C-alpha cells in the first residue's frame, strides 16, 4: 500500500467512439480539479467529447507532464495508452467502461468514491511487464513494436495452415504446423492465449507463455518460459501470414521472415484500490464459483 499525496497532474483518457462516455469523463475531470489537481486530457479524447477548459495533450506530452493517467474505457483502451506511456512509467488507473474489464478493474459506478481516495495516495501498486518484438528480414530488422498482451503470428482468414520454426535463446524448439502461435505476457494470458487453451499466469509471475493456435499435432502444447527468454519464430511455410502486436497488425510477412520477441525493459505501473484481489477479478470475469457463497478473499 502506498500513502501520501504524490500526484499533482492527472491525465484523463477515454475510450473512442463510445456513446455516453462524455458525461462521466467531464464529471470526473471537474471533481478531480475541485480537489486541487491539475487535470489534462488526452488529445483525441478531448476532441471527441468536445470538452473545453482543460489542456489537450499527446500521449508523449502526458508522459512528460502527468503523474498518473486515469483510463475510462475497456481493456483495449488501457492496452493502447499503456504501450504509449510505458517509456515514461506513468502509473495507470483503469475504470471499466467496456465489456470484460480484466485490467480496468474499477466499476464506473464506483469511480467517484474510489478515485479521490487513490489520488490521495491510498492504493496498491503493481508492475506489469511488456514484450518488445521486431521483424527481421534478410538479417535486417524492418519493424519494431511493443505488446502489452501478446505477439501473435497467424494465418489470414482465407489461407491454410502455416509452418513455424520456433527457437528459444538460440536453441531449436520445434517446427509447428498450425493456425498460428501466441507469445503472451502474464497480463495477456487471460486474452487470446486463454481462448486457445493456454494457462493463466499470475501478473506478478516472471514468465511468458507460448501457446499454439489449433495445432496439427495434439502434442504441441503450451509452454511457460522464463521471462528473460529470447524467442524467435520463423515463417517456414504458408501464405498470407500476419503478425499482431496486441491486435495491431503487420500483414506483409514473407517466407523466412523471423519475429523476435523478448521482454521489454519497460514495465507499466497499475494502481488498484486498497483490497484489490486478482483472484476476485478471475472469479468474476470467468464466472467461477457462481453458486451463492459467503467466501471472501481473506486467507482461511
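All residue numbers here begin at 1 and follow the chain in the order shown.
Cβ atoms here come from the backbone N, Cα and C positions, even for glycine.
According to Swiss-Prot, the feature active site, proton acceptor maps to 75. There are 24 other Cβ atoms within 10 Å of the Cβ belonging to residue 75 (active site, proton acceptor).
The annotation NAD(+) binding site is assigned in Swiss-Prot to 75, 76, 149, 150, 177, 179, 190, 191, 192, 193, 194, 195, 214, 248. In the three-state DSSP classification, residue 75 (active site, proton acceptor) falls within a helix.
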